[in-house]
Each structure stands twice: as structure tokens, then as C-alpha cells.
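**Q** Pasting in a structure now, in C-alpha cells, and then I'll have a few things to ask.
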């Protein structure tokens, strides 16, 4: 009898722990998102816009690949490889449909620190005479790409470790002001690093703490050595790039295909330099020989991993943060979701695997992602199509870029960072919404330009956490027990009864970046129907212990509170008396929820708001100004809801 029970128990245990086919299928779809969207791909509707976007993206990938390879202190051809392989891997594992992975200015700048430290220019004379069998490049160039590949490999390993540890859930610590300040500061660093090419000045590599200021000090000390030809070429290139891109932006709705000004400029500059022999006549620095083809894979030098650990952490964190911000932005814009942890896996593999193929560190770039938006890309097929054209450049067109001036590439880098640099304009909205966030932005930016992007990011996160922890103890929490979530029978003027549901929800905590995502999720759980009506909402039923929201039924969250609002006859009253303070992320979440509810025909009213909250929400969002949404009390809001219903019924009756 005991043996039979034991056997039965072992059979049940085996069934519980044997993975089912459906579970394996779901796991594969979760870890390989391409298996989810590729079978559903609509060739008729999506192939044409994806093809056009892919061609335009290829132009950007080639131009930025050459530019960011130079920024990373390696041969330009390795930037072309970095524009090819990471894009393919991200298309398989990534969830951002409009995220264009490839070479990236910030990660290139970070890896350049390791390259210049371990393989400085002073060692060039020792290796320049000995050419390797790899693409005919010198041992010096191969040593440099070896260091950059090692940074990419170790950075990708760090991202994969973060994926295994499920650290994607910790990304809520990365607030919008911190990310904005860090990327703006890093973009300022990148522009500074290109000054020597823009001015044609020969200068040593300068990095480290306060290196930003040392570079400009060196430039001013050697201002007389500025090369006039390079300066004029740079000014002309920047003017053309800015002017044409602004015109493309202004008329993008009227023209089907924007002018690929980067490609046109590269061709025109190379042709002009070739015809006038500027390299020999004026000493203008050009890209030089670009070999065609792809070399066989080679492992990065593992013996230097400990020496590049600092840069690898910088690449892992900065690259992931910048890429995740773009993925979340595209997801919000086009109404789909992105798994923060899956992005760790996608970007980790996009760095580890290409490191064996002579690639520099990769990440998503704002300019390329914005290009996919503007050209109407639908899926990652656009990125895969761009890889085909990048491959053509690698095998056929690359050698023709010999005469491309370095100052033109530097101009492309600088103009390509415009989207990051104009984030200075965010300071005004931070000042109007939350002055503490304004202070965090300024301090994070200063730390970034004084030290490095990863240092600035770390400072911003620590500073933000410290401020929130300092504010939370002073926060007042409100628990109202005498209000109920009610089904009201509203009698209209025509003595007709219409059932209207009014949900009264109290916000019981400050609304800041730490809890904004949870607030949004809990509120939407109350509003939206669940696919399984019999499944209780655990998070809502436990809201008294661990959530921001209290759906008020004698102070308790019950299953009734989880019933969805009717899409036509539902009003939501948010009691904000417990919202004692907020930050920019909290305000943006509140406004976005309001607009989302409005699009679902759910009327939202806010009661007991502080003057600062009303001012911040009015400044931030395009709120409905035709009817009031802010009220002094909950009864006042309910009174308006009843009045609006009576007026609506009276109007309907008069029309009949």
C-alpha cells in the first residue's frame, strides 16, 4: 500500500515537472520574438514600407558605421560589420519593432578609452610594417579591433548575466530626467571628441576625469594650427546636413521618400576630394583603404578582459539604457509591449556574438530609430532588408570610399546627435513640473561631462533614490472608509433611468518613478476587462498591503472592484488627496492614463488635487479644456457627472 502511494506520488511529481509541448512553444516565442511576429507578417501591407525604410536605414547604417568606427579608434571597415551582424541578431531576439541596432556613438566613445589605453598611437610604428592575412590590414589595426571586440564581448556577457538575474525589473530606477541628462552629456562628449577632425587639428587622445575641458584647452592653445580646408568642409557639411534634414522633417507628409542627404554628402565629398586630390595637395585627412569582404570569425583576446572591465560595464549599462528608452518609446507610440528583461538578452547576444566577427560594441541609436518612424517602417523586416544593402556595400562599394574626408564623417556624427543635444529643451518642462527633477538633470549632466557617461548614470540613479527616500517619510497616506464604489441610478429629466457606473479610486501614496508603473498597471486592471472573468485579480485584492490604489468599498478591495467599466457609461473619479508629492514620471503617467481612458470613452475626473499637481498636469499634457476635470472634492465631481448625464439625456430626447 505504501509502495503504491509512493509510485502514484512519483507519477504525479513527474507530470508536474515534465514540460508540456505548449509550454515549450510559449517559452520559445517569449525568448525568440521573431517566432511570434514573423508568421503573422502581412506581405501585402508591410513589405513595401519596410523595404523603403530598409533602404533608407542602410544609408544611415553605412554612414554611422564608418563614423562610429572612427569614434571607437578602429578602422572604418569594422563599423560596417558592426552595422550588419548586431542588427540581424536583434531582429531575432529583440522586441522593439522600430529599434535599429548597430554602431552607437556613446558605446563607441566608451570603447575608445580602452582602445587608446591598451593600443595607443605611439605603438603604431612598431606594427605598421607588418601586415596580417586578415583583409590586408596591419597588426596595429587588428590589435585595436581586438580590444574593441573584447569590450563588446564582456559588455554583452554582463548584459546576459543581468538577464539571468532578472534585473530588467530594476529599470524603473532609470527615470526620464536621468536618462535624458546622461545621453545629453554623453552626446556632448562625442561632439567634443570630433573637434579635432572638424578643425583638422593633430592632437593626442585625451580622456579621463575632466578630459572634456582639457580637450578644449588644447584646441585653444593650438588654434593657429587649424586647417582651413577641413574647417570649411566641416561648416559646409554641417549646414547642408542640418538644412536638408529640417526640410525633410517639414515636408515628410508631402513627399513619399526623404532625401538620403548622408549618402549624397558622402558621394559628393568623396568625388570632390578625388578630383582635387585634397589628400596630397592640402593634407586633408581621408578614410583611406577600405577592404571588401568579411574575414573569418576570430575570438576576441580573452587575456585582456580584466583590463577592459570598466569600459565593458559602461557599454553594458549605457547601451542598454539608451536602447531600452528607444524601445519603450516606440512601444508606447505604436501600442505594443516590450519586456525589459528580454531586451537584456537581445542586446547581450547582439554584443557577444558579433564580437567574434570583428565588431565594435552595439546599441540602438536615436537617429536610426527616428528614421524608421519617419519612413513608415512596420516591423524588424526593415532592419533585415537594410542588412542586405550593408552587405552589398561591404563586398562591392566599400573600396570606393577611400577619398571620403574624415571631417565629413565628423560632421555626420555631430549632426546625427542633434536629437540628443536638443534635450536641453527638456529643462524648461522639468522646471515647470518638478524643480527637484530639474536639479537632478543638471547635476547628472555635470557629472557626465566631468567624468563619463556611466559615472553620470550611476550618480543620477543614486541621487534620485536618495531624494525619494528623503521625501517618502514625510508622505501622508490617506485611507477613506466611508465611500463606496457605487452603481448609481441616475434619474434624467425625462424620468428615464440609466445605469451609470462611477468608480471612485483613492491614490494613497506619492506618485513618483518608483511606483508609477505599478500605479498604471493597477488602475488599468480596474478599468479593463480581464480575459478570464472568473480569475480574481490578486494584485487588486491585496491593494491595502502593496498597491497605490484603493478601490473604495468600505476601505477594502474586493472582486467587485475589479469589474470593468462599461465603455460607454463609466466615469472614474480619482481622489488625489493622498498624492502629497510627485515627480515628472508620476505626472507623465497620470496624464497618459487620462488620455488613454479618454480614448476608451471613460470620463476621468480628479478631486482634491493640489495646486502644484493641477499646474504640472496642465503644463505637461493636452488635457480636455472643454469641460472641467479638476474638482475640490469627490461629491463635487459626482455632482458634475450627474448633471452631465441629465443634460445628455435631455438633449437626446429633444432631438427625438
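Backbone N, Cα and C define each Cβ position, glycine as well.
Sharing the feature lines straight out of Swiss-Prot:
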type	residues	note
DOMAIN	492-641	domain 'STAS'
REGION	641-656	region 'Membrane targeting'
TOPO_DOM	1-75	topological domain 'Cytoplasmic'
TOPO_DOM	97-144	topological domain 'Extracellular'
TOPO_DOM	188-199	topological domain 'Extracellular'
TOPO_DOM	244-254	topological domain 'Extracellular'
TOPO_DOM	276-306	topological domain 'Cytoplasmic'
TOPO_DOM	328-343	topological domain 'Extracellular'
TOPO_DOM	365-383	topological domain 'Cytoplasmic'
TOPO_DOM	426-448	topological domain 'Extracellular'
TOPO_DOM	470-656	topological domain 'Cytoplasmic'
TRANSMEM	76-96	transmembrane segment
TRANSMEM	145-165	transmembrane segment
TRANSMEM	167-187	transmembrane segment
TRANSMEM	200-220	transmembrane segment
TRANSMEM	223-243	transmembrane segment
TRANSMEM	255-275	transmembrane segment
TRANSMEM	307-327	transmembrane segment
TRANSMEM	344-364	transmembrane segment
TRANSMEM	384-404	transmembrane segment
TRANSMEM	405-425	transmembrane segment
TRANSMEM	449-469	transmembrane segment
**Q** Decide whether the stretches the transmembrane segment (344-364) and the transmembrane segment (307-327) have at least 3 CB pairs under 8 angstroms, with pairs required to be 6 or more apart in sequence.
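**A** In contact, yes.
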**Q** Please tell me whether the transmembrane segment (449-469) and the transmembrane segment (200-220) touch - that is, whether there are at least 3 C-beta pairs under 8 Å between them, with each pair 6 or more apart in sequence.
**A** yes
**Q** Do the transmembrane segment (405-425) and the transmembrane segment (255-275) share at least 3 Cβ pairs closer than 8 Å, excluding pairs fewer than 6 residues apart in sequence?
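**A** Taking Cβ pairs at least 6 residues apart, the transmembrane segment (255-275) and the transmembrane segment (405-425) are in contact, with 3 or more under 8 Å.
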**Q** Which of 255-275, 307-327, 384-404 has the most Cβ pairs closer than 8 Å to the transmembrane segment (76-96)?
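**A** Out of the listed stretches, 384-404 contacts the transmembrane segment (76-96) most.
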**Q** What residues in the same chain, six or more past the boundaries of the topological domain 'Extracellular' (244-254), come closer than 8 Å to it by Cβ-Cβ distance?
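**A** The answer is 261, 374, 415, 418.
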**Q** Do at least three CB pairs under 8 A connect the transmembrane segment (223-243) and the transmembrane segment (307-327), leaving out pairs fewer than 6 apart in sequence?
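**A** The answer is no, given that the two segments have fewer than 3 Cβ pairs within the 8 Å cut-off.
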**Q** Please report, as numbers and ranges, the same-chain residues at least 6 past the borders of the transmembrane segment (145-165) whose CB is under 8 Å from any CB of it.
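**A** Residues 72-75, 78, 107, 110-111, 114-115, 118-119, 300-302, 304-305, 308-309, 311-316, 319-320, 341-342, 344-345, 347-356, 358-362 contact the transmembrane segment (145-165) from elsewhere in the chain.
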**Q** Is the topological domain 'Extracellular' (328-343) packed against any residues at least 6 beyond its ends, judged by a Cβ distance under 8 Å, and which are they?
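**A** Answer is 30-31, 33, 93-99, 163, 166-169, 171, 320, 369, 373, 592.
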**Q** Near the topological domain 'Extracellular' (426-448), which same-chain residues lie under 8 Å Cβ to Cβ, leaving out any that are not at least 6 residues past its ends?
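**A** Contacts with the topological domain 'Extracellular' (426-448): 175, 177-178, 180-182, 184-186, 188-189, 455-457, 459-460, 463-464, 467, 582-584, 587, 615-616, 619-620.
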**Q** Where else in the chain does the topological domain 'Extracellular' (188-199) make close Cβ contacts, counting only residues six or more beyond its ends and a cut-off under 8 Å?
**A** 70-71, 105-106, 109, 112, 212, 215-216, 219, 226-227, 230-231, 234, 285, 406-407, 409-411, 413-414, 417, 421, 448-449, 452-453
